[in-house]
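Take a look at the structure set out below.
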Amino acid sequence: MLLLEVISGETLPKPDRGKMRFHKIANVNKALDYIASKGVKLVSIGAEEIVDGNLKMTLGMIWTIILRFAIQDISVEEMTAKEGLLLWCQRKTAPYKNVNVQNFHLSFKDGLAFCALIHRHRPDLIDYNKLSKDNPLENLNTAFDVAEKYLDIPRMLDPDDLINTPKPDERAIMTYVSCYYHAFQGAQQAETAANRICKVLKVNQENERLMEEYERLASDLLEWIRRTMPWLNSRQTDNSLAGVQKKLEEYRTYRRKHKPPRVEQKAKLETNFNTLQTKLRLSNRPAYMPTEGKMVSDIANAWKGLETAEKAFEEWLLSEMMRLERLEHLAQKFKHKADAHEDWTRGKEEMLQSQDFRQCRLNELKALKKKHEAFESDLAAHQDRVEQIAAIAQELNTLEYHDSVSVNARCQRICDQWDRLGALTQRRRQALDDAERILEKIDILHLEFAKRAAPFNNWLDGTREDLVDIFIVHTVEEIQGLIDAHAHFKATLGEADKEYQSIVGLVREVESIVKQHQVPGGLENPYTTLTANDLTRKWADVRQLVPQRDATLQAELRKQQNNEMLRRQFAEKANAVGPWIERQLDAVTAIGMGLHGTLEDQLHRLKEFEQGVYAYKPHIEELERIHQAVQESMIFENRYTQYTMETLRVGWEQLLTSINRNINEVENQILTRDSKGITQEQLNEFRSSFNHFDKNRTGRLTPEEFKSCLVSLGYSIGKDRQGEIDFQRILAVVDPNSTGYVHFD
């Protein structure tokens, strides 16, 4: 019962003073009835068990009392007592490191949660930053000692038990933590009461401050409006764009720098006034009435007048700006067009007065003329610009531009210069036309000279080459043809001289024009590199070479006539020797074929031919002498004969060789006949058969012709392998050197 009175703060019925068992049971029942009256349901707890000293029952009842009177009153966001106490611990310890309260057993085991709760409400009692999670015993002792000493919270828990127990008792920790909650909540309620008193005093002081500030701000704002209005109502200007721009910049500075603080001041003043009235109304105090002339409506009217003046001032500034900008734009437009025109005309007078075309060739002059025509077109196009400049100057005068004097002077200079440019342009055009006519005349003469000088020069070069050309002729007819052609050429020299004089006359005419008009470079012909001096020199060379050519041709004619005589001499002799050698060769060949009598007769006749040939040799020697003269005269062909010395020499040697060979063959045949006992008839048969198969009359047979010859003589040669072997044996005898041919002997 005493525990209930202390923990609940209420008085229980007077207890029985007896020491008997029923007295004790009665007192316990009174306590149980009081607990039941507070809405706590006691299940399986009876007075008899408690009086009998049932430890478990007694502890359960004590926990029920603590839960009801110490913990159940805790209320956080309409949660149960346990959940609310846990949420309170979580919120209070949230800012602290190494603290994470999730339950009432393990979360408080290292002591940091207890220390965090104390430091959160009384930071002067514990230096939390010096605590470590690794020293739970020190943390617990620190928290329990401080709570007992400064917060009147007894040491309900044993630090060693908390550390050594795997899971500390949740109810014990909840009971101890609830003491922290009641201790700190009681202090907070006392502080709240004191704060309410202070708040009332502060509200009154704040109201007085707001009143004073309103009066001060209102006076300051109205005074600023009064000073600003004359400046906004002023319409004076120096009639210059710079002056109006300066005023506009001042106005923009006013809107950008000076007015925004006043707008904030006005808003603050209205906010303070509304706040003050609201606070007075909530405090059940009479509304605040500012002094006369400082009402919110007075300030609003003054501000409205300021804004009206601002709008009118800005409109005036903008309209004045537009007017002066247009005037300044006209002045700038005049300056820009005048600058552009003067830039364009710069150097034009010097260009038009220049005599540069005097040093030009025709193509350069034509380019200058084209350039001048382009300038004339450009000049005509700039007429509009000059007229625009004059019109703008007139408009500036009409609008009374402040610097009209300089504008008019500049406009007059431009107009005067324009007139001078027109006159100079006409004079330069005339000078260019005159110069073009002169250069065109010179150019026509140069072109005519080039057209006529080139073929004439080619004719001179060809003629010089022909006159000095080394000719090679072999007949009188050829040299006579050259002489006739040269005579025909000489007949054309008269016309050539006329052409020469005409061409040189063109150059003299050019020289006359160049000298008369002092045309620099006029003598240079752009169409050709030929000059009159070149033609004159070459024409003189031709005149000298013509008689020299005459002498050369006549000498050659005499030479060819002598050659013709040599040809006739050689031909006459060769035409006699050649047929004689051919007749002798035919006769020797006929004897060699055995067509004339016996072998002795053939041998006799061959020796007679041999003597006759040696007797004819002086004719060959005479022909050699004539041939020597022909060679010395470099005669390579002779149309009067088909024989050459080489063919005659070969024929002579063949004749001698044929005679000697046939004599030798006949002698060998006689020896063979006599040694073999061959009759003349057999020999004639052999010759006849040999000559039959020697169709080309070469005096020899091929192996196949020889085989046919043997067969015709009655020799049997088989067509088998044995027959071939026999034939090869015979062939080895008649052709021991394997020449591939068989002779008659």
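Here the Cβ of each residue, glycine as well, is placed from N, Cα and C on the backbone.
Bear in mind that TrEMBL entries carry predicted annotations, made automatically and left uncurated.
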Annotated stretch (coiled coil, per TrEMBL) among the listed ranges 200-227, 396-423, 480-507:
200-227
Residues of the domain 'Calponin-homology (CH)' (79-185) by DSSP state, where helix covers H, G and I:
66 helix, 0 strand, 41 coil
Sequence-distant residues near the domain 'EF-hand' (681-716) by C-beta distance (under 8 Å, 6 or more away from its ends) are 589, 592-594, 599, 669, 673, 727, 730-731, 734-735, 740-744
For the domain 'Calponin-homology (CH)' (1-70), what is the mean per-residue pLDDT, to the nearest integer?
81
Give me the DSSP three-state residue breakdown of the domain 'EF-hand' (722-745), ordered helix, strand, coil.
13 helix, 2 strand, 9 coil
